[in-house]
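Residues annotated as signal peptide in TrEMBL: 1-20. For 27-125, 126-242, 243-354, 369-481, 482-587, 587-696, 697-809, 811-929, 931-1054, the entry in TrEMBL reads domain 'Cadherin'. TrEMBL lists 1157-1177 with the feature transmembrane segment.
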Amino acid sequence: MVWPWLSCLLLPALMVSVAANVAPIFLPNMSVVNLPEDLPVGAEVFWLVAQDQDNDPLTYGISGSYAYFFSVTPNTGEVKLANLLDYETLYWFAINISASDGHNNPELKEMQVIVEDRNDNAPIFQNTVFSTSIRETLPVGSLLLSVLATDKDTGAGGAVVYSIEKVIPSTDSSEYLFRILPNGSIILNGSLSYNNKSAFYQLELKACDSGGRYNNSSITQCSSPVFVSISVIDQPDLDPQFVREFYSASVAEDAPQGTSVLKVEAMDGDRGINDPVIYSISNSTRPGWFDIGPDGVIRVNGSLDREQLLEEDEEVQAQVTATEMDPNIYGQEAKVSIWVTLRVTDVNDHKPEFYNCSLPTCTFTPQEAQVNFTGYVDEHASTRIPIDDLTMVVYDPDKGSNGTFLLSLRGTNVEAFSVSPERAAGSVDVQVLVRAPSLVDYETHTVMLVQVVATDSVSRSSSVALVTIHLRDINDHRPTFPHNLYNLSVFEHSAVGSVVTNSIRAYDPDTGEGGHITYSLLPGNGADIFEVDPASGTVTVRNSELLDREKQAMYYLTLLATDGGNLSSSTVLQIAVLDINDDKPVVSGSYNIFVPEEEGNVSVTIQAHDDDQPGTNHSLLHFSLLSSPYSHNFSVDPDRGILRNLGLLDREAINATLGGRIVLTVRVSDCGEPALWTDVNVTITVEDINDNLPIFNQSSYSFSVREREPGLLVGVVEAWDADQTEANNRISFSLSGGGANNFLLQGLVLGSGRAEGYLRLPSDVSLDYETQDSFNLTVSAENPDPEGRDATAKVLMNVEDVNDVPPTLDSTSLQGIHVAENGSQHGIVAEVVAQDRDTMSQVEVQLVNVICTKAGVDVGSLCHGWFSVLANGSVFINQSEVINYETCDLVTLVVRAYDLTTDPRFQAYSDNGSLPITIEDVNDNAPYFLPENKTFVIIPELVIPNQQVASVQARDNDSGNNGAILFSILQVDFIAKDGAMISFQGFFRVSTSSEASVFIGNIELVTSLDSTLQGTYQVTVKAQDRPSKDPAQEAKITLNLFTVDQSYRVRLQFSMSKEEVGANTEEIKAALVQATRTTVYIVNIQDIESRARARGLSYLDAYFVFSNGSALTLDRLSVMIRNDEDSRTKLQQLGLVVLGSQERQESELPGTLRNTVIGLGVALLLVIVIMTTVLVCTQKSYHRKLRAMKASKEARKTAAGVMPPVSAIPGTNVYNTERANPVLNLPTKDLGFESQSSSSDLDHISLNSLDDNSVDLENSRQKIKARWGMSWCLGLLTWGSSLKGWVSGQSSRDLLLPWVCPHLALGSPTALKWGPILAPLVINCDPGWVNSSLWFSVFSSINGDQNTKYAGLLWG
């Protein structure tokens, strides 16, 4: 009874307890999260946050099918990425998140994870090799071919942009010859030319996406380049071309018909077609002279005459046309023409002839031929003067030496003349020249005769012409003067027209116009002063002013007498100019005399001259002194002109306004009638001497000035000098004494002999009371006294104090300090001390600037607010927790001192000082791995211990030991292809190195790996820093090392020795890489020991591995090499003969034999079973035929017109009986059974009513047996070999080849009938076994195109 009551009491308490603790609840935003796919493993992705009303500690977790992508810190809810995301594989998934307070059931909630695409994939071309052939006449804009590249990304990162990176050959014309459209279509962008450009092009294509975000930066991904091969097919679109641009030849004009002159040659312009050409002469300047043969040889076709070609440069122009035999692509004749120059050479068949004409207008017609000529010449003409009006041309139409002729003279007057030229060729103008002028005399002969003879230089034949020469009379006397020199005179300045002479005459014995004389003066000195009458020869004055004896006293003139025939002679006139008194005396120079007072004397000579004739009164001079205020103090010598003073000169006696200057006038006159004179002024300056000193107006001065005020006027001093001239009474001031250089004393002239001195501070100098509070100076007044005397006065300078000194910072208080990051220190860390020399100063310290740097680089305002500076100079930490070494390792506080009481005119601040605060590092950052887009592949057969197989890179943002990283391997798991996981220890090790701030972990193999394992090694690597005092931090990463086992090992056989193959290894690898786009790992190169059936001498074993870890099999390798024509050709050149092995490796021989024996045993058992089955089936078949024969016989016994109720036998006119075969048409031949024999004609006709179905039973029986046997045998062999291959790992093809190849070589009918079945096997047969032409025809005849395809596979 107690328990029920107790339960009632406890139930409310329990309910209260349960109600008091509430389960946590996730925040509303914990339902969807967006994550970029390029987040690195270990990156923080989000936080799980739940609210608990009871404030219980919560434990977070993640579950679900995709929970492996994340790792969560249970007590904080921080979620990091554990495995990489891939948008292309999984762009959305859901996970279950949970939060537990330990009291209630965990709070579960589904969270949607949306993976954001990033540009992490490059475009990939669907094919890697493209080729096409195009006609060279293909229009611009035509489509050549299309390529396609795909990008798994979305948006701009998946939008593919194609580009042509390179065109080979690379020329200016090919650069833009092709264009690729955005859809991948390649079109022709320019014209092609097989001959002029290129017959082959190779385009390098690249596909890039349109860019996108990846690893926090915008990048553009591009594919590997692919190549497009374009072959240009030549078209007959070009005309033929002559092999030479110009043809020319020579032929003699007497060459007989049929003579070969020249051969021309033309070729088809389309080099890829080379169509034959036909030659013809389509035009000629001399039709019929030449013709051309089919061989292109031009021959003489008629008589030639060079002289008919003189106007045509002795050449015949023939147009030769070359025409192709076939029309061009436009259906027109393809032809080309060229002009050929045929020069006809000369033969000597003419003699020189005379013609009355002038070159080059001569036509050399018979009308122009002449033998009598007339000319004219002046008497006594000079030597080589030609005869006038003589137009004679000699012409010989021959050429060269044949046309060369000699010219000569003969006749009575031959001595007086000569001929020019004496030798010529072709045609020439002939001149008769005067040879002896004295013989050509009008008074002796009025007419003279000569003969011109032209003689051929080769044949010596000649022609003669008579020349009649008429002489002309000339004026041959000139006028003459009786004397060569005439002496004349005239007074200077005579009137114009005054006669100098009128008695000079010239004489000329010629009469008429030749004896008429004209007089003239030749240009020269005096021709502008005198003139002559042309008719009388009277000489008169032309210009009176220029006729001046003082300028020129004698003139020489040339008087010229000229007759009407322009002959002349001359004589000289010497004219003397007589003097008159027409010039005043001339005084030389000016006269300014300086003489000191009381001591100096004046003695100066007046220099003067008269230009009139010397030695006469016209040039005799007289000197006198004109009256003036001071002239009584001087005298002048009347003859010599010497001026002197008569007593001492006194400067003070001269009027002060004159400045000491006395002006005297001296007159100079000549003694002519009338007399002429000139006055000259003489200025005498009496110089003052310095005989007075300056005097100050006070004996001492006292001034006051405030410090730090430059440019102030301090005071004025005054002095005067009794001297009257400025040179002697000019006063200058100077200042001396201690500190005098701090002052400037400037003088000011008040008047004559009076001056003031202004004492001031320079504009750039101010006084400092703290340095010196007074100055005792001496001021001096001086003038240019030769004895150096001066006057002085004392000056007392008092300096008034001003607060002008700025404060200073104590440098010892600005020494650097160290502060640890992340809240390690607090409070005051330094004291800045400020000082000021001024009294009553009030100084405080101010913070001017904060400079934040990291590794010497300014990082902006990151550290502002970390520290503060008080007015008393105390520096304290303001934000200890936010101090971070990783963002800023040096804080520089820029401070200054400020005096509050400094005079406003002066600087109140000190110079800025810098207090460096070094931030000390604390280990507060964990290492992190750098993302690497690498795939690590291991080939166990190749790798050896201590070989590097992978690597990782990591960083730590801390410094020193805090940022030093040490790598270690935590775990190694092997995941097989079936999903099984095996843990390994000690298989790998990691070594640590560093470059700059990046630490590198090189993962090396410790021991050999099992080459039979197929799968992936997962290696977990830990990166841990090594701090000196703080706790170490770490990061982890798991690497996938893909293995490639021996099943991917491929053997290639070569027709060379292993040494030759080894020497060509790099070329072989390059060709294989080009064909497969894989990395080639060569395992072994060995010679083949057994060569009974081997085609090669050596073999090479290798692996072909893609970047994703997958590898090529033999079949895929074979396909890739066959598809790459260039690589296949290169490999064949390097000796590749077989892909795969024709003999097993020695290590596999025992197992192969064992498996072969087992396979053959099983095959034998199957043969027995199959043959038994065949015999049973054959026996049943014959029984069925027997019953059919019997049924047919029974049917023939049936009466005509009786229709049985059963169906008729198809193909016969009889009815079947029970158990009869309704479809067989059996022959009438007896089957060998007694009951079946029959000779009825009706039976024969009935059984063969369908002739097309008639067969020979015996032959059919043999064929059926053969086909069944062959089929079963092949089936047995194939099945048995497959079984054996399954057991031994060898393909059925390798097992069947030893049987198939010999039968093919022997032409076995059985093998020939099974060509389609055997075709795939024949590929690996040695060429020595198989007759290729035989098999090609066999395959074609068996099943048409299908087997032709098989045959094509065999022989390429």
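Cβ coordinates are placed from backbone N, Cα and C, and glycine is handled just like the others.
Across 27-125, 243-354, 697-809, 811-929, 931-1054, the stretch most heavily in contact with the domain 'Cadherin' (369-481), judged by Cβ pairs under 8 Å, is 243-354. For the domain 'Cadherin' (27-125), residue counts in helix, strand and coil come to 3 helix, 44 strand, 52 coil, using DSSP. Secondary structure counts, DSSP: the domain 'Cadherin' (811-929) has 4 helix, 52 strand, 63 coil. Counted as Cβ pairs under 8 Å, contacts with the domain 'Cadherin' (931-1054) are highest for 27-125 among 27-125, 243-354, 697-809.
For the domain 'Cadherin' (243-354), the predicted model reports an average pLDDT of 89. DSSP labels the residues of the domain 'Cadherin' (369-481) in these numbers: 10 helix, 58 strand, 45 coil. Residue counts of the domain 'Cadherin' (482-587) by helix, strand and coil are 4 helix, 43 strand, 59 coil (DSSP-based). Helix, strand and coil counts under DSSP for the domain 'Cadherin' (931-1054) come to 7 helix, 69 strand, 48 coil. Break the domain 'Cadherin' (126-242) down by DSSP state and the numbers are 4 helix, 56 strand, 57 coil.
Secondary structure counts, DSSP: the domain 'Cadherin' (243-354) has 7 helix, 50 strand, 55 coil.
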